[in-house]
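Enquirer: Heads up, here are the entries from Swiss-Prot:
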- CYS448: active site (ACT_SITE)
- GLU450: active site (ACT_SITE)
- CYS194-CYS459: disulfide bond (DISULFID)
- 233-256: region 'Disordered' (REGION)
Amino acid sequence: MLTIKRLLLNQNLFKSSCNSTGIISINYNSNNKICFFSSSSTLINKTNEILDIEDNNNNNNEISSSPLFLKETIKEFKLKKEFIEKYSKKKAPFGFGVLGEIVYRRSYSRVKEDNTNEQWFETVERVVNGTYNIQRKWIERHGLEWNQNKAQKSAQEMYNRIFEMKFLPPGRGLYSCGSSTTESKGLFAALNNCAFVSTLDIKKNPSKPFIFLMDASMLGVGVGFDTKGENSIIIKGQLPPPPPQQQPQQQQQQHGQNNNIFIVPDSREGWVESVQLLLDSYFLKRNNPIFDYSSIRKKGEPIKGFGGVCCGYEPLKELHDEIRALLNKCIGKPISSTNIVDLMNLIGKCVVSGNVRQAAEIAFGDPNSQEYIDLKNYQINPQRASFGWCSNNSVFAELGMDYSKVCQSILHNGEPGLAWLDNMKAYSRMVPTELDYKDRRAMGGNPCLEQTLESYELCCLVETFPNNHESLEDYLKTLKYAFLYAKTVTLGSTQWPDTNKVLLRNRRIGCSMSGIAQFIHFNGLHQLKDWCVNGFKLLNELDEKYSEWLAIPKSIKRTSIKPSGTVSLLAGATPGMHYPISEYYIRRIRIQKESNLIPPLVEAGYHVEPAFENSTNVVVEIPIHSGKGIRSANSITMWEQLSLASFLQKYWADNQVSCTVSFDPIKEGPQLKHALDYFQYQLKGVSFLPNSSTTTSVYKQMPYEEIDETRYNQIIANLKPVDFQKLNNSPLEPTPDKFCDSSSCTIVSDNSETLNNL
């Protein structure tokens, strides 16, 4: 039986009639006639009404491709129950033992309608159903061809490859895809990993870049930004306060009507709008807003839909106070690069403190600006110590520049990183045949610098694990479904018009590899080259095929190497191109202190301590054995790491390779300048990290700490199996990770001490 429901027809475009034989004739624009055989029908009249047609002849008419159907008519996509039932009995293949399961339960296992948490097979079901429903809705909206049987077969294959962790959507996708966030609210920005915003045009709308960063960060999107707007505007200051006799209750409680009071709504939009009002009051010389925080939920209440628990209004009030304190000192002066970074960092601090997200930011500055280079020198800028940790700081390096001063700073605290914007604009992969200037509009990159981006652009990442495959043929099949997931995400527009203009034109994705160190160890570098070359070629062919089917542009770029972190832990893979710190090490992960995951871990004997950077998180230490024979990062020279990044930039990544090179400050520090002289022509970006084995006590609560076999055995001897089944009696709202799930995106600094914040 074919049913068409909720179809609204415009009286100026459509007329209908019904004859005695049950044939319904609908004239579309008085030209094209579509007929249905039916014994039951409800016809439209002169006004817009519902057309309800049942096809009792069951003739399988393909009606969904007609432009007539302005509302959804294709049945909602769902994987078959009998297919899912087979996986409900299979053990989830989490990597690294308890670590992979902790990360999953902490970050991606949503609470279901029956008030229990998802199991892995259910999370995968939600994600795959969500992916194919995005496709279905796009097809329906644009009158394209949809084959339900073909979709079911394709979705089942995607499901299997995610369940077995041959590829995984990013953490944002694992958490949000198929949830109310995308299905009913349509917040597709939550499926994207990263963004960039330039301050170059700050004069047109001074608060806009800051507001975009805050809104995106609260959706879990990591944001890069530049300082090109410095000196573009004067910080004017606020209008004088109203007369003392004017009482607050006498004022209108809506902004925009020459009034001061703003009741902050208990929503992401409300928090963002409050900051916009405050910034505009200084940039555009408007009234000083008076904020009423009474509508914001109390501390400890759950943040439904986006995960986590509320910390009350205090983080937002603190942000308001800090913005006022910062800008009051700058009235009458041009906005500086320091002002720009400070404002972005203060916003990031609020997002972290508010338990909404872990903010991930990267700042891009002028390599010739000593003011910018010194931002994380807290002897010079002690006032920044409480918030400067919120961004990685990098410079737009110029080809042929003198790297001496930059390298001096890198030796001090590992920053700044370097981004060669000329290379990012000019090349796809870094080979002469791909000097194509596809990204001539690019202005920066994302916080981990694996994606070239235009201003206000978002992009979606997806992660594949070559070492979890037995053959190239199997891996190429995985690439098909990994690509299809990422391409599907580009179908969803966002709430930001500026973003949609770029996103829908570029359709940029980043199909990544993790476990590269493992693959090289077991298969060799030459085989990796073969897989890269063949995989890259296939992705180009797949883009041709699926872009034609969906009637959208081909993706401007498709491949990258992201640093990974939590998602690679699920699959038991080393992160991105990076080698493990050691055969034996301690892995530290951050969990909200209110999380129900903490008691079972403490009961099992795992070490748990407060996180030093804020009062809302605790740090859990987990001993890891990465496997015999795998080379450790400490055994690989700086030059070899740079060579591997260059290899991947040449054979795989047309976006970028996220590469954090660890180095020996004593032996290799003097070579930094010379290394950059060579590799500036082979890379698009790179960052450096002083080797912890030679700089003891530099970092607090690092994500990784090298240990020896003796200490490893001592730790595990005191551990018991963790019983997570008790959590089913106490549902746990997960806390999704920041945009790219990486352990190297957010860097917390305290004087000379730096934290890679997971």
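Cβ atoms here come from the backbone N, Cα and C positions, even for glycine.
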Enquirer: For CYS459 (disulfide bond), what is the secondary structure state per DSSP, taken as helix, strand or coil?
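Expert: Looking at the DSSP assignment, CYS459 (disulfide bond) belongs to a strand.
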Enquirer: How many other Cβ atoms sit within 10 Å of the Cβ of CYS194 (disulfide bond)?
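Expert: I count 32 other Cβ atoms within 10 Å of it.
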Enquirer: For the recorded positions listed here, CYS448, CYS459, which shows the highest count of neighbouring CB atoms within 10 A?
Expert: CYS448
Enquirer: Quick one: pull the CA-CA distance for GLU450 (active site) versus CYS194 (disulfide bond), whole Å only.
Expert: 10
